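A.B. asks: Questions regarding the structure given below will be posed in turn.
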Amino acid sequence: MINLKLFLELKLCFLITLLCSSHISSVSDTFFINCGSPTNVTVNNRTFVSDNNLVQGFSVGTTDSNSGDESTLFQTARVFSDESSSTYRFPIEEHGWFLIRIYFLPLVSASQDLTTARFSVSAQNFTLIREYKPSTTSVVREYILNVTTDSLLLQFLPRTGSVSFINALEVLRLPETLIPEDAKLIGTQKDLKLSSHAMETVSRVNMGNLSVSRDQDKLWRQWDSDSAYKAHFGTPVMNLKAVNFSAGGITDDIAPVYVYGTATRLNSDLDPNTNANLTWTFKVEPGFDYFVRFHFCNIIVDPFGFERQIRFDIFVNSEKVRTIDMTEVLNGTFGAPFFVDAVMRKAKSREGFLNLSIGLVMDVSSYPVSFINGFEISKLSNDKRSLDAFDAILPDGSSSNKSSNTSVGLIAGLSAALCVALVFGVVVSWWCIRKRRRRNRQMQTVHSRGDDHQIKKNETGESLIFSSSKIGYRYPLALIKEATDDFDESLVIGVGGFGKVYKGVLRDKTEVAVKRGAPQSRQGLAEFKTEVEMLTQFRHRHLVSLIGYCDENSEMIIVYEYMEKGTLKDHLYDLDDKPRLSWRQRLEICVGAARGLHYLHTGSTRAIIHRDVKSANILLDDNFMAKVADFGLSKTGPDLDQTHVSTAVKGSFGYLDPEYLTRQQLTEKSDVYSFGVVMLEVVCGRPVIDPSLPREKVNLIEWAMKLVKKGKLEDIIDPFLVGKVKLEEVKKYCEVTEKCLSQNGIERPAMGDLLWNLEFMLQVQAKDEKAAMVDDKPEASVVGSTMQFSVNGVGDIAGVSMSKVFAQMVREETR
């Protein structure tokens with residue numbers, strides 16, 4: 001405890017510091033400490049004063065120089081060997097929120113090795129860090145506390161027999177408007193009182209793939225680029241001149257102009273009907289609540305008079321926080337910054353991931369534009385007044401603290417029993433090791449696929465393929481078995497190269513499809529990982545949605561949304577008792593599948609090539625809306641300076657691009673070729689290869705294309721469609737199909753061009769049906785029809801005849 005003289009000296013030093021700092025000359029209760037150094041240093045317009053007269057303890061240092069950058073702060077350290085001398089006391093003139101920034105780097109000298117230090121840090125009766133084990137690299141920890149006393153105590157408490165240390169320290173009084181008194185609890189109508197909690201900064205992220213350094217922020221906050229956390233790809237936007245703080249009623253204390261003047265925008269222009277999100281994934285510690293702040297500033301377009309509404313939803317872990325409508329917020333003022341605060345309660349699993357998302361609002365007639373400028377995530381102290389994972393209270397009510405405060409008497413009483421247990425444990429361990437080795441040899445035989453795809457073990461010995469993955473969708477095997485009645489064979493709805501697909505029902509009555517990989521699966525572990533990762537990267541109305549996966553005990557199970565009508569293949573020629581598809585339905589299915597593939601090809605900076613497009617991988621929901629499935633063979637496309645990806649040939653016989661088959665050169669046009677084969681199946685109503693037919697008809701492509709070139713379209717049309725579709729429409733359809741099936745990829749259309757042609761054909765078909773309706777019932781009015789068309793572009797007719805389906809869609813958050 002320092003005496004009154006030292007206390008007054010400390011106050012005097014800090015008053016001098018305030019006069020030396022141009023940024024905060026008018027702000028009281030702001031302190032910068034250069035710990036363990038006899039001199040002051042200046043970094044980013046802040047003067048860090050020596051703590052030689054402020055605390056006891058000894059110092060450790062390297063070369064002490066004032067280079068002006070942050071590395072200067074890590075050249076010395078203040079070291080404490082006992083609790084009595086390990087406290088910094090800061091006089092507080094005005095109560096309120098304070099930011100504490102602590103710098104750590106374990107220095108090594110001839111007399112002291114700080115890498116072995118073990119200590120805890122507390123402030124105002126909050127545990128900030130417990131049993132800290134220093135990293136070998138520099139670390140900056142940031143905390144926010146509501147100080148209601150006349151002094152702020154910051155203690156660095158060494159473990160018995162060890163030491164504690166600190167390299168530099170900042171204590172800043174925050175503007176009153178920065179932290180609210182309370183914030184909304186997501187998913188409830190309640191608020192959480194923030195003033196009774198301490199906070200630790202987890203992430204502070206700026207959009208637009210740009211970081212913001214400390215010297216660009218009035219409070220010297222570091223804003224990381226969003227590129228490291230983004231699960232989807234958006235378009236970066238920058239417009240610093242558009243930011244108008246006065247219009248937003250806030251100051252740049254909330255966030256600097258570099259945050260509000262940059263944004264990441266959801267790519268919705270290429271496909272306005274995209275049911276996609278922009279999602280950022282952060283690793284967090286389970287067992288804590290998290291305070292989240294979303295920053296917004298419309299620097300893109302004036303919402304008034306704009307043909308597209310700027311209206312979108314924001315989510316945290318799939319739970320909706322709020323709908324943002326730029327025409328309502330701040331009266332739609334262009335360039336006016338604002339923010340939205342919310343609190344996410346304890347993570348519902350031990351995975352420890354937090355997903356922040358923005359997504360399109362699908363219940364509006366105009367195409368939405370969605371964006372975000374930045375966000376901040378802070379961990380809130382728990383009921384133990386702690387911010388350390390050691391004290392976490394997990395969702396099931398248990399504690400992460402595995403230690404016990406067992407009394408010495410109890411330990412003595414158990415010592416004899418432990419000796420007996422030790423002997424027994426040795427025998428059991430020997431038996432378990434033999435059993436595990438035998439099982440590992442078996443698994444290596446089944447999954448011998450190289451170092452990149454080795455099955456890992458968790459602490460309980462379970463095999464976990466994604467043990468270090470950021471994907472937070474893992475389902476326990478017991479839940480999967482419950483949903484499928486222990487993989488009852490009567491629930492099998494499909495069989496493929498990967499394994500069997502079961503229909504399942506989760507506890508909340510959600511129907512799901514459960515794809516279980518067989519041990520002898522031809523696709524195997526690599527394809528399983530690829531499919532799970534692909535399904536978590538993308539969310540689109542016409543791509544099947546991932547619900548979860550299971551890799552427990554070396555299982556390879558994928559759980560995705562159940563598609564009531566099965567596959568397109570089922571409705572073309574594997575009919576059984578299924579109804580036949582009309583020409584209109586077939587066109588709608590082609591359009592939907594093309595949209596999904598178009599999104600794969602254009603929805604990110606590098607295209608995703610599906611590589612296994614076929615009628616069996618196009619699923620249909622209860623309204624016959626198409627969704628592309630099975631991403632196990634998907635491959636990232638070529639870089640911008642490359643034309644193709646060289647890779648081993650994989651796919652399904654009959655659908656393979658001949659250029660890819662002969663040269664092993666994969667491009668997006670390989671998917672176009674495969675889709676052309678699907679288009680032939682759609683119009684002909686027969687499989688690609690049918691050995692039961694005469695030799696000249698076995699191969700669908702060869703047989704159909706010969707007849708198309710001869711103009712004998714009536715010979716290839718599905719008999720069910722004869723007389724129900726105009727030959728000129730079939731002719732146009734076959735012309736597009738023929739281009740897709742060109743031997744040379746360069747002669748094939750891009751998926752976007754193909755989609756446009758299909759949309760146009762659907763438009764023509766719909767107009768024909770309207771005309772027929774009027775002819776049959778002249779008294780009927782078609783003014784109220786939900787089908788609207790325009791030839792202005794693909795986006796303008798993207799909702800053709802599917803408005804009812806789209807209206808029923810429930811938008812889900814990704815990852």
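Here, residue 1 is simply the first one shown, and the rest follow in order.
Glycine is no exception: its Cβ is also placed from the backbone N, Cα and C atoms.
So Swiss-Prot says this about it:
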type: TOPO_DOM; residues: 27-407; note: topological domain 'Extracellular'
type: CARBOHYD; residues: ASN40; note: N-linked glycosylation site
type: CARBOHYD; residues: ASN45; note: N-linked glycosylation site
type: CARBOHYD; residues: ASN125; note: N-linked glycosylation site
type: CARBOHYD; residues: ASN146; note: N-linked glycosylation site
type: CARBOHYD; residues: ASN209; note: N-linked glycosylation site
type: CARBOHYD; residues: ASN244; note: N-linked glycosylation site
type: CARBOHYD; residues: ASN277; note: N-linked glycosylation site
type: CARBOHYD; residues: ASN331; note: N-linked glycosylation site
type: CARBOHYD; residues: ASN355; note: N-linked glycosylation site
type: CARBOHYD; residues: ASN401; note: N-linked glycosylation site
type: CARBOHYD; residues: ASN405; note: N-linked glycosylation site
type: TRANSMEM; residues: 408-428; note: transmembrane segment
type: TOPO_DOM; residues: 429-815; note: topological domain 'Cytoplasmic'
type: DOMAIN; residues: 487-761; note: domain 'Protein kinase'
type: ACT_SITE; residues: ASP612; note: active site, proton acceptor
A.B. asks: According to DSSP, which of helix, strand or coil covers ASN209 (N-linked glycosylation site)?
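C.D. replies: DSSP assigns ASN209 (N-linked glycosylation site) to coil.
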A.B. asks: Counting across all protein chains present, how many other Cβ atoms fall within 10 Å of the Cβ of ASN209 (N-linked glycosylation site)?
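C.D. replies: By my count, 16.
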A.B. asks: Measuring Cα to Cα, how many Å separate ASN146 (N-linked glycosylation site) from ASN209 (N-linked glycosylation site)?
C.D. replies: 33
A.B. asks: Between the glycosylation sites ASN125, ASN209, ASN244, ASN331, which lies closest to ASN40 (N-linked glycosylation site), Cα to Cα?
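C.D. replies: Smallest Cα separation from ASN40 (N-linked glycosylation site) among ASN125, ASN209, ASN244, ASN331: ASN125.
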A.B. asks: Could you round the CA separation between the residue listed as 'active site, proton acceptor' and ASN244 (N-linked glycosylation site) to a whole angstrom and send it over?
C.D. replies: 50
A.B. asks: Looking at the glycosylation sites ASN45, ASN125, ASN244, ASN331, ASN355, which has the shortest Cα distance to ASN209 (N-linked glycosylation site)?
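C.D. replies: So, spelling it out, the nearest of the glycosylation sites is ASN355.
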A.B. asks: What does the structure give for the C-alpha distance between ASN244 (N-linked glycosylation site) and ASN331 (N-linked glycosylation site)? Integer Å is fine.
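C.D. replies: Counting only the Cα atoms, the answer is 14 Å.
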A.B. asks: What residue among the glycosylation sites ASN45, ASN125 has the most other CB atoms lying within 10 A of its CB?
C.D. replies: ASN45
A.B. asks: How many Å lie between the Cα of ASN331 (N-linked glycosylation site) and the Cα of ASN125 (N-linked glycosylation site)?
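C.D. replies: Roughly 44 Å, rounded to the nearest whole number.
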A.B. asks: What is the pLDDT of the domain 'Protein kinase' (487-761) when averaged and given as a whole number?
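C.D. replies: PLDDT averaged over the stretch: 87.
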A.B. asks: Let's check the environment of ASN244 (N-linked glycosylation site): how many other CB atoms sit within 10 Å of its CB?
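C.D. replies: Its Cβ has 16 other Cβ atoms within 10 Å.
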A.B. asks: If one measures from the C-alpha of ASN125 (N-linked glycosylation site) to the C-alpha of ASN355 (N-linked glycosylation site), what distance in angstrom results, rounded to a whole number?
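C.D. replies: About 31 Å separates the two Cα atoms.
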